[in-house]
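Feature annotations, courtesy of TrEMBL:
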REGION    1-27  region 'Disordered'
COMPBIAS  1-10  compositional bias 'Basic and acidic residues'
TRANSMEM  37-58  transmembrane segment
TRANSMEM  70-91  transmembrane segment
TRANSMEM  103-124  transmembrane segment
TRANSMEM  160-180  transmembrane segment
TRANSMEM  186-207  transmembrane segment
TRANSMEM  262-284  transmembrane segment
TRANSMEM  304-323  transmembrane segment
TRANSMEM  360-378  transmembrane segment
TRANSMEM  384-403  transmembrane segment
TRANSMEM  415-437  transmembrane segment
TRANSMEM  443-462  transmembrane segment
Amino acid sequence: STMRERKTTDPLHSTDPPHSSTDLSEGKEKLRLKQEVGLISGVSLIAGTMIGSGIFMSPEWVLHHMGNPASSLLVWAACGLLAMFGALSYAELGTIIKESGGEYIYILRIFGSFPAFLFAYTSVILVRPAGLAAVCLSFAEYAIAPFYPGCSSPQVAVKCTAAACILILTVINCLNVRLATSVMNVFTAAKLLALFVIVVGGLVLLAKGQTQSFQNGFQGTTAGIGTVGVAFYQGLWSYDGWNNLNYVTEELKKPEVTLPRALMIAIPLVTCLYLLVNVSYLAAMTPSELLSSGAVAVTWGDKVLGSWAWLISLSVALSTFGSSNGTFFSGGRVCYIAAREGHMPDILSMAHVRCLTPSPALLFTSAMSLIMIISGNFTSIVNFFSFMAWFFYGMTISGLLYLKIKKPELPRSYKVPIIIPIIVLMAAVYLVLAPIIDQPQIEILYIVLFVFSGIIFYFPLVRFKYHPRFLQTVTLHLQLLLEVAPTTRDAK
């Protein structure tokens, strides 16, 4: 069949028998993804995805909405704390439900098939590909900027470079999981080095007495609830990716140990770096100069590095490429896991018989991202989807609270204090409702309508298992063409 039947066993029991397997070469060898992601690669996946273009672009907007340097630094610290609380909550979920898929698999196991399908439908078709396309376009802007000094880069060149970036990432991720994680490790090291240069430059400036930006630091602080919410959105965008390791739980070495440790290393590291980089920006520029800068990091480079300022543009390009690799790596897994659970066409749940990578899911994510790059009219949609992301974060966290209260007997190697998920849930509710109450816009209605349009596909294809015969033929031909086979997962 083209849509895999869902299991009817206890949805919270992650030790059920392995999923359908494939006999290879007349043997009984089961095809599955390799456990290739260790602690260093896990830290790189989280930090490498979080550190994208945000820290090089967002500081001016946080400062703009908060009104002064000191309160903007508080927002950056609070965003890091919220990301840490969310990640620690997800770490407990990851030790209870030891399956890949992040929010999707947690919603499926706790709340059931229908809400999980709506999440997968929204994420796989639009949210993940749009996010990937946006990051790749950001990479393209910085990568080709040196070739067009003094003027804006042609859109055709930007889109072609972004498309090339996606195709390169597709090849890397389809060939080998270890190759993809190695790319993440290298680019994470490069971007950490770039941020380290900015931090050291800032400390040198502070040592020379350039502290004027921090005098009367709280003067003129903005107090509006809506405005503070928008500032948080800008800050949290730079922290996006804190949950990426939960998408690849089955590919972690010793997930019960690696998952919490990687989170506890990566997120405080990124938070400290973000705070120190913001301090460096404010040491080099006055608040008014920072607000008038189109690209904060580039302006900082011009002021501090002089003729070496091109290093900053190169660093941002490297940073965004590494971030897009992490987004692609985890985004393809959502598609793969949803297909494995019967919520997407069966071909997307298969893996390459030699490379052992979910190549059909990766190719589908790549194709959707390329379509969005060609259309080019999706950036505003991505912005409006941030409230949708926090809606699903809130649903996932509420599921954890349900398990902590109603299913305390479930085995777990890591427990988070219950106050932490409560704080995250309250923040999620605020971040979902703030834009609707403060500035209701028709685009939010369009997004909600798109999400619930998934009902059209859910009932015939998933609920009533209607599988058109021609799709079975297409699946068979694609399976032969792509050299893929169904997979199973290890019993945990």
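From the backbone N, Cα and C atoms, a Cβ is placed for every residue, glycine too.
Bear in mind that TrEMBL entries carry predicted annotations, made automatically and left uncurated.
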Q: Might you confirm whether the transmembrane segment (262-284) is in contact with the transmembrane segment (443-462), defined here as three or more C-beta pairs under 8 A between residues 6 or more apart in sequence?
A: no
Q. Taking contact to mean three or more C-beta pairs under 8 angstroms, with sequence separation of 6 or more, is the transmembrane segment (360-378) in contact with the transmembrane segment (262-284)?
A. no
Q: Return yes if the transmembrane segment (304-323) and the transmembrane segment (186-207) have at least 3 CB pairs under 8 Å (sequence gap of 6 or more), otherwise no.
A: yes
Q | Selection from 37-58, 70-91, 103-124, 160-180, 384-403, the stretch that has most Cβ pairs under 8 A to the transmembrane segment (262-284) | A | 70-91
Q.
Taking contact to mean 3 or more CB pairs closer than 8 A (sequence separation of 6 or more), are the transmembrane segment (70-91) and the transmembrane segment (160-180) in contact?
A. no
